[in-house]
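K.L.:
If you scroll down you'll find the structure; I have some questions about it.
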Amino acid sequence: MKKLGLLGSLYVAQFLPVAFFMQTLPVFLRQQGVSLEAIGLANFLSLPWTLKVLWSPIVDRYGWTRWGHYKSWILAMQSLLALTIVFCASLNIRTHALLLVVGMLLITTFAATQDIATDALAIGLLKPSERGLGNGIQNAGRYLGGIVGGGGILILLEHWGWTRSMLAMALSVLLLIIPILFHRENLTTYTPNQFSWSLLPKFFSRLKMGRWILVLLLYMMGATIANTMFHPLLVDLKLSLAQIGLMNGVVAYSAGIVGAVVGGFLIKPLGRKQSLIVFGVLMAIANAAFVLPTLGFTSLPVLYLVSSWFQFTYSMACIPMYTVMMDKSRLGTAGFDYTLQVSIVFIGSLIAGGMSGFIAKAIGYQGVFVLSVAIALASVAVIATIFDESFTEPQ
């Protein structure tokens, strides 16, 4: 339980500021009258999460053994994360928009690098039989970070203002360094490989890797399209900043924590393949529920139910996906292997999120939500058709 608590705290720290900017920005932009197309393109602020595979070999190869190889990276990145948030706190968001964008890109870069090190640490820390529950805790930690960053800080913003809210977030990130300070990293089984780009074709040539990459590209595309457009829809429905923060950032993310834990426990009896299929179908149903507000069902209970059900199922669906990612990551290049797979997911999500605003402009909110259901079901069909049990066995 100690190592699960450690990993949970690291994922909270990592996702807290990222959730704030990615959850707040679409709402803020829509309140300022920005078009749906521009809001969709704002997803490109998460570009460092897609590109982090480019510097993941550096994290695998270089580290400070005295502190612990991956531990040293985590300490450095989390400290820089807090300092950059303090920098953003000093900015006037109306007159220093460009500096704020630079700060946001730095924050996502530092958080992405911390994620590389944390994922690699988790791969070495967890046994294959522990990875399902471990990924449940991982996702729960991210959702808790989302509650604080995407919900709590968003609500504080309305009452405390920009500067004090940002300083509170920076303090939270610093306090979450404490658990890793007391962790002693075991390096006896760790042998960093000299990175060569020849590892890239070797990774892709592994058994049935092409099929897995197809799943990584498709599995979250539908959910990304639906969720990206749900935020501006709430603004168009005249919900306040505090209402949206409470709904999406606190209540729905709490449902996400429950979904992560439930998914972590269910993956062992269901197995990896069956979990991907069952949770994928549930996620498609959640995407379909986004249609309800477009049909006139706009009461707060309905909106809370739609938002919470989506985060519950999305969180569950992430667990088997992350678990197979770990199975396909090898010690010595764990940071690169895992991060490459995450980047593939982000490429699919980046394309989907970037196009979502243009699609919504062309066919409306209702049309874009129906399309998201079709994509989600298509990914499930791919899994059911091309996967077999040998593929999902840990490597």
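Placed from the backbone N, Cα and C atoms, the Cβ positions cover glycine too.
Quantities reported herein were computed from a predicted structural model and do not represent experimental measurements.
TrEMBL lists these features:
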type	residues	note
DOMAIN	1-391	domain 'Major facilitator superfamily (MFS) profile'
TRANSMEM	31-51	transmembrane segment
TRANSMEM	72-93	transmembrane segment
TRANSMEM	99-122	transmembrane segment
TRANSMEM	166-182	transmembrane segment
TRANSMEM	212-230	transmembrane segment
TRANSMEM	250-267	transmembrane segment
TRANSMEM	276-296	transmembrane segment
TRANSMEM	336-359	transmembrane segment
TRANSMEM	365-387	transmembrane segment
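Relative to the rest of the structure, where do these features sit?
P.N.:
Summed and averaged per residue, pLDDT over the domain 'Major facilitator superfamily (MFS) profile' (1-391) gives 85.
Sequence-distant contacts of the transmembrane segment (212-230) (same chain, six or more residues past either end, CB-CB distance under 8 Å): 26, 36, 39-40, 43, 204, 276, 280, 283-284, 286-287, 290, 306-307, 310, 314, 317, 321, 324, 328, 341, 344-345, 347-349, 351-353, 355-357, 359-360, 365, 368-369, 371-379, 382-383, 386-387, 391.
Within the chain, the transmembrane segment (250-267) has long-range Cβ neighbours (under 8 A, six or more residues past its boundaries) at 132-140, 142-144, 146-147, 150-152, 155, 275, 279, 304, 307-320, 323.
When Cβ-Cβ distances below 8 Å are used as the criterion, the transmembrane segment (276-296) is approached by residues 215, 219, 222-223, 226, 229-230, 233, 237, 263, 270, 302-303, 305-306, 309-310, 312-314, 316-317, 319-321, 324, 364-366, 369-370, 372-373, 376-377, 379-380, 383-384, 387 of the same chain, each at least six residues removed from its ends.
Using a Cβ-Cβ cut-off under 8 Å and counting only residues 6 or more beyond its ends in the same chain, the transmembrane segment (365-387) has close neighbours at 211, 214-215, 218-219, 221-223, 225-226, 229, 233, 273, 276-277, 280-281, 283-284, 287-288, 290-291, 293-295, 352, 356, 359.
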K.L.:
Are there three or more C-beta pairs under 8 angstroms joining the transmembrane segment (336-359) and the transmembrane segment (72-93), sequence spacing 6 or more?
P.N.:
no
